[in-house]
Structure formats: structure tokens, C-alpha cells
Amino acid sequence: MMMPDDHHPLSFPSYVLHQEHIAPNPNPNPNPTSSNSAKRKRNLPGNPDPDAEVIALSPNSLMTTNRFICEVCNKGFKRDQNLQLHRRGHNLPWKLKQRTNKEQVKKKVYICPEKTCVHHDPARALGDLTGIKKHFSRKHGEKKWKCDKCSKKYAVMSDWKAHSKICGTKEYRCDCGTLFSRKDSFITHRAFCDALAEESARFVSVPPAPAYLNNALDVEVNHGNINQNHQQRQLNTTSSQLDQPGFNTNRNNIAFLGQTLPTNVFASSSSPSPRSASDSLQNLWHLQGQSSHQWLLNENNNNNNNILQRGISKNQEEHEMKNVISNGSLFSSEARNNTNNYNQNGGQIASMSATALLQKAAQMGSKRSSSSSSNSKTFGLMTSIFNNKQAENIKTKEVDERGFTRDFLGVGSQHRSWPLLMVNHNLPDSSPPASTDGTPTADMNQ
């Protein structure tokens, strides 16, 4: 029973003393440089040993297949050792080169036969014969071997065989369509391709032509609709003035420039325009014509204070309309939303020069200022209101039509697709007749 107790105090101090005498080894390999120095250092390509023998071969000697030829059978061999073994078969003296420890083998280096090549310099010579052969073939030789899959050519057979094994198994395709078999080449090309794409993305792209034309067309149509709504309000104002006592109005039909147009034509004109290009362009022409007429009406209101003064009797109005239809020029107009076609009656406007018309306008202006009882000439734009065959009174704007030239009124040799102002130059000048109730009325035949 005392043995464990005696053994324990004896064994524990001895274990402690043993651990104290053991010193750790910080460097398990105390002499690593000695083993590395014993290894042979490989020279870098193009950095030969200064003590090496430099050999310069001609292109023919370098690229020849069999440099060593047997003098008996003219068989060629790549190495001299192979030739010596072949000579033994002919019972010729042969000798293999044997190396001894006493002999110092001098290292050989080869330069490229191409004078413009960087490896033609002895300081950049290549260290082995096989390496200089492949270099000359790759850089300066003919590419004889072609891949059947990708049609890529190689000058060295070993390169062609290595490529044939991996061709088509793994490829890297760029977004531009270029194929790469090597990942590093693909990454380099992809970086350049992405930079080119970012540079091209900075340029501002041209908007599509159809969308641009549609937007511009919509702006013009909306602007025309605003002008048309303004004219519609003025037309309503004129109609309200016609509702005064002494005027009997009926808005079922409106005679415009000698043409009887239903009132729904003007109502439909204020509706939203269609999206088609042809309807929109037609609407623009129609609105432009109406805007020019409205401008002429406003200008005439500023210069004439006696417009819409007297009513016209039934006989006078019927007689006036007959003269207008027989002498005036009638133009056709097509409603945009209603496909109603109106007949076009040809007419001729008296051929007068612009100077003559202006002189005539000055003369007529002096007559109006001198005589308070004289009435203005009939203005081209007439707004007559009819109800079947009943006589109606109308307010008409009277101004000398000879005071405006044909070009100014927009009445030319060509016909328009919208109603134009009609000017009658052939009506004789006469004094206004008196009505049955004694009130002077405007004679439309003036």
C-alpha cells in the first residue's frame, strides 16, 4: 500500500526535472540555404549564361528534319547518338559520347536566324535547340497545320495537336460574337469590349421619327382646337345679337359662302380630332382657314362702326343671294368628322391688279366719309339664316371688297379644302332702297 505513495513523490520530481531540461527548437531546419544552393538554377528565357557557347544556325540547318545523315544509306537522324547506334548496324565504327566527372560540359545557346528578331542578339539567345526551332516556326515560319473545327492555323505541330484536343470542348463567347478558347484572352477582350460599350452609350440616341411627328401633330391640333373654340364663342355672340327685336332667326341651317351647311358641322368641329395623320392635317388646314377669316372679321370690326345696322327684307335677301351664287366663287369644304362632300361651283374673280384695288379702296373710303347715308360695300363673308322658304332678317358685315387684294384674302388660283372669303367685284354700285316701313336697308347688290 506504501508503494504508490513512495513512487508518486519520486516520479513527479523526476518528470518535472526532465521537462525543464528539454529546450524547444525554434528552427526545425537550421540550414535551409545549403539545400537550396545545391539545386540548379534555371535561367530565364532570353537570359543565357555568359559563359555559354553561342551557336548561330542558318534557317535551313535549323529547320531541317534530319541533321545527321548516314553515309551508307543516307538515312537522317535528329540526334548524333541515334546516328552512332545506326552505324553499329552497318558494322561501322561507332562511338557514343560519354561524360566523365573530369570533363567540363560547356553549355550551348542558340540565336534566331532572323536579324530583325530580338532573339538574334546573343544576350537574348535561347537555351535549347528545340526552343529555337519552335520560336522560329511560330514567329517567322509558315503555318502549315489548320484546325478542322475553327479553321485556326498553327506553325508548330505540337501546338496544333494540343489545340485539337480542347477545341470545341470549352469556349468563351463575348457579347460581340467573338469566341475564345482561353479564359485569360476572353477576360482581356471583355474588358475592352465593355469599355467600348460604355463609351458608345454616352452618345444621345435620336428619338423615333413617328413618335416625334405624332407629338408635334398633337400640339398643332390642340392649338387649332383652342382657336376653333374661340371662334365658336364669337359665332354664338353674333347669334345672340341676331336675337334682338326686329330680327327673326332660325339656326337650323346656316348659309356660308353660298353653301347651306347644317349647324352640326360646326358642332362636330369642336370634338376631339382623330389620331390619324390625314385627318389631323386636314383639320389643321381647316382651322387655319377659320383663323384667317376670324382675323379679317376682327380687323373689319375695328375699322367699320356701321356693320350689322339694318335688316334686309325678304325680296332683297333672295335677290342678293342669287347674285352672290351667280357671280361669286364657291369653294368646297369637307367636314372632318362628317363625311359630307359639298359641290364645288367654279367661278372667276375679276382680274384686277393689287395697285388698282388699293386705289379703288381709297376712293370708296372717301365716298363713305363724305356721305353719311352711303352704306359700306358687301363683305365677302356672309352668314345668312334660312328656315325653309320664310324670309329672315340678317346682320351682315358691309365693307368694300375692293379694298382687299385677292392674295391678302387668301383667294388665289388654287382651290383650298376649307371655306374661303368670297369677294364679288362685279356688283354695281347703287343707292340702298327703302323698305316698306320706311327704314333704309343695306343693298347686297352694291
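From the backbone N, Cα and C atoms, a Cβ is placed for every residue, glycine too.
Feature annotation from Swiss-Prot assigns Zn(2+) 1 binding site to Cys147, Cys150, His163, Cys167; the stated evidence is similarity to another entry. DSSP classifies Cys167 (Zn(2+) 1 binding site) as coil under the three-state reduction.
Positions annotated as compositional bias 'Polar residues' by Swiss-Prot: 427-446.
According to Swiss-Prot, the region 'Disordered' annotation covers 20-53 (among others).
Among the features that Swiss-Prot reports, region 'SHR-binding' is placed at 182-194, with the record citing similarity to another entry. Through the fold, the region 'SHR-binding' (182-194) approaches residues 172, 174-176 of its own chain, all at least 6 residues removed from its boundaries and within a Cβ separation under 8 Å.
The region 'Disordered' annotation in Swiss-Prot covers 425-446 (among others).
Look at Swiss-Prot and you will find 132-139 tagged as motif 'Nuclear localization signal', backed by sequence analysis. Remote same-chain partners of the motif 'Nuclear localization signal' (132-139), defined as residues 6 or more beyond its termini with a Cβ less than 8 Å from a stretch Cβ, comprise 57, 59, 62-63, 110-114, 117, 119, 126, 155-156, 158-159.
Marked as zinc finger by Swiss-Prot on the basis of sequence analysis: 68-90 (among others). Secondary structure of the zinc finger (68-90), assigned with DSSP and counted as helix (H, G, I), strand (E, B) and coil, comes to 10 helix, 4 strand, 9 coil.
Note on the zinc finger (110-140): its mean pLDDT in the predicted model is 91. The zinc finger annotation in Swiss-Prot covers 110-140 (among others) and rests on a curator's inference.
Annotation comment: Swiss-Prot describes 145-168 (among others) as zinc finger, evidence class sequence analysis.
Annotation comment: Swiss-Prot describes 172-195 (among others) as zinc finger.
Listed in sequence order, the residues of the same chain lying 6 or more apart from Cys167 (Zn(2+) 1 binding site) and placing their CB within less than 8 Å of its CB are Cys147, Lys149, Cys150, Lys152, Ser181. Sequence-remote contacts of a segment are chain residues at least 6 beyond its ends whose Cβ falls under 8 Å from one of its Cβ atoms, and for the zinc finger (145-168) they are 134, 137-138, 179, 181. Across the motif 'Nuclear localization signal' (132-139), DSSP classifies residues as 8 helix, 0 strand, 0 coil. In the structure as shown, the Cβ atom of Cys150 (Zn(2+) 1 binding site) sits within 10 Å of 14 other Cβ atoms.
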